[in-house]
Amino acid sequence: MCGIVGIVSQSPVNESIYAALTLLQHRGQDAAGIVTVDDENRFRLRKANGLVSDVFHQEHMLRLQGNAGLGHVRYPTAGSSSVSEAQPFYVNSPYGVTLVHNGNLTNSVELKEKVFKTARRHVNTNSDSELLLNILANHLDHIPQDHLDPQDIFYAVRKTHKDVRGAYACLAMIIGHGMVAFRDPFGIRPLVLGKREENGKTDYMFASETVALDIVGFEFVRDIAAGEAVYVTFDGELYSQQCAESAVLNPCIFEYVYFARPDSTIDGVSVYAARVHMGEKLGQKIAKEWADEIDNIDVVIPVPETSTDIALQIARVLGKPYRQGFVKNRYVGRTFIMPGQAQRISSVRRKLNTIKAEFKDKNVLLVDDSIVRGTTSEQIVEMARSAGAKKIYFASAAPEIRYPNVYGIDMPSRDELIAYGRNVDEIAELIGVDKLIFQDLTALTESVQLENPAIQGFDCSVFTGEYITGDISPEYLEKIATQRNDNAKKKREKQASNLEIYNEQ
């Protein structure tokens with residue numbers, strides 16, 4: 001999972017991109033990068049492992065000159081955590097092209113072989129984002145004229161759609177031309193467009209979430225549609241075109257459950273409002289299925305932070321007190337998206353501490369957005385017991401996650417998912433709770449559709465095992481499980497520790 005941002009302006013963009021990336025930091029804490037185009041048509045690039053505030057210092061910001069640029073925050077779902085795979089990526093031909101990407105390609109092995117054999121392009125890392133850049137650049141390279149017009153750009157995007165499979169929200173910047181934003185035919189990963197009027201001219205901005213627009217004073221215009229490309233020249237002229245055949249919006253449902261900030265709006269849906277609906281529906285299910293247990297519940301406590309709005313609605317529906325029983329250390333990364341199981345285990349207790357008075361001698365209903373590996377849930381339950389809870393009920397705002405995600409979320413193996421092959425009682429025993437309940441999938445999708453009924457479908461593959469791109473085989477799932485387990489990641493990081501190319505130090 002990643003966060004991306006791009007700005008075409010009449011004034012320097014380095015500080016605005018930096019500010020926007022800090023608002024997208026929740027989407028990835030592994031690495032960050034910014035690239036700009038200066039007055040001499042040169043790319044200025046800085047990228048490294050770490051948080052935005054750690055990667056960019058004053059000397060880096062001063063070098064990132066120019067009125068157009070891209071930014072990226074990364075959590076690796078493929079490849080390694082090596083700085084060589086931090087984004088943006090860059091190729092010098094044709095023109096000079098740089099790209100940032102959120103998502104995951106599902107046919108990268110075949111594509112890497114094809115791009116070398118047919119285009120003689122070398123992809124230096126295992127990143128599918130570098131591969132995607134080379135595919136786009138190759139199609140641009142086959143356009144005969146020296147200067148590209150908007151239709152040429154859209155032609156290259158159409159050809160790219162025909163080549164690649166999977167999830168991709170992308171921004172690419174072409175020297176001497178402009179910036180193009182495009183989204184896969186299912187719109188699995190989010191991408192929004194904003195504008196700002198300045199000195200009688202219009203600046204444009206693209207970002208993964210609307211919250212990034214807000215901080216730098218851009219007005220939300222609309223979402224980039226599934227399969228659409230939007231091109232902005234460096235002179236500020238905007239063009240758009242549908243570039244994919246049979247494009248149908250199916251956004252990732254997990255964006256609304258977990259990833260996106262509550263103050264963002266994605267595909268016409270307020271993330272906050274969707275979570276309120278999730279809480280209402282889950283509260284109604286609890287009231288119905290646990291009717292004999294409701295009187296025993298003393299207090300409803302959220303697991304910070306995504307579930308707070310959900311838990312508040314559950315407490316309202318059940319008529320129970322809502323309390324903050326955990327205090328979060330905001331300077332520790334999100335545990336679900338931290339690379340490595342050992343890191344996740346050690347991080348939970350550094351991330352959360354209990355307010356013991358809210359647990360002591362009480363029957364508590366803990367509410368979390370989801371249960372993925374079960375690592376976090378098990379430790380949270382242990383903390384609640386240690387704080388004196390008599391009985392622990394647990395409610396998940398998402399259904400059981402039984403299948404790996406192949407579209408940009410780090411759920412590589414069924415064996416790493418606690419719900420795979422287990423029923424609710426078995427999961428409850430493993431995480432140590434007295435009673436456990438999950439949201440129904442229908443209730444979850446309805447919670448989002450209440451905010452935008454025009455969305456007819458979602459990517460729900462982690463719950464159903466049905467992959468909307470239609471190209472996922474059991475062999476593919478086995479392959480990524482082998483490639484992405486923790487031991488494999490450690491091996492790749494050791495092998496690729498020093499591949500830093502085109503990087504401002």
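Cβ from N, Cα, C; glycine included.
Among the candidates THR306, THR308, THR354, THR442, the one that Swiss-Prot lists alongside ASP368, ASP369 as binding Mg(2+) is THR306. For the recorded site, CYS2 (active site, nucleophile), the DSSP three-state label reads strand. Rounded to a whole number, the distance between the Cα atoms of CYS2 (active site, nucleophile) and ASP368 (Mg(2+) binding site) is 22 Å.
Same-chain residues that are not part of THR306, ASP368, ASP369 yet have a Cβ within 8 Å of the Cβ center of the Mg(2+) site turn out to be VAL257, TYR258, PRO302, VAL303, SER307, ILE310, VAL367, SER370, SER396, ALA397, ALA398. In the structure shown, the C-beta of ASP369 has more C-beta neighbours within 10 angstroms than that of any other entry among the binding-site residues ASP368, ASP369.
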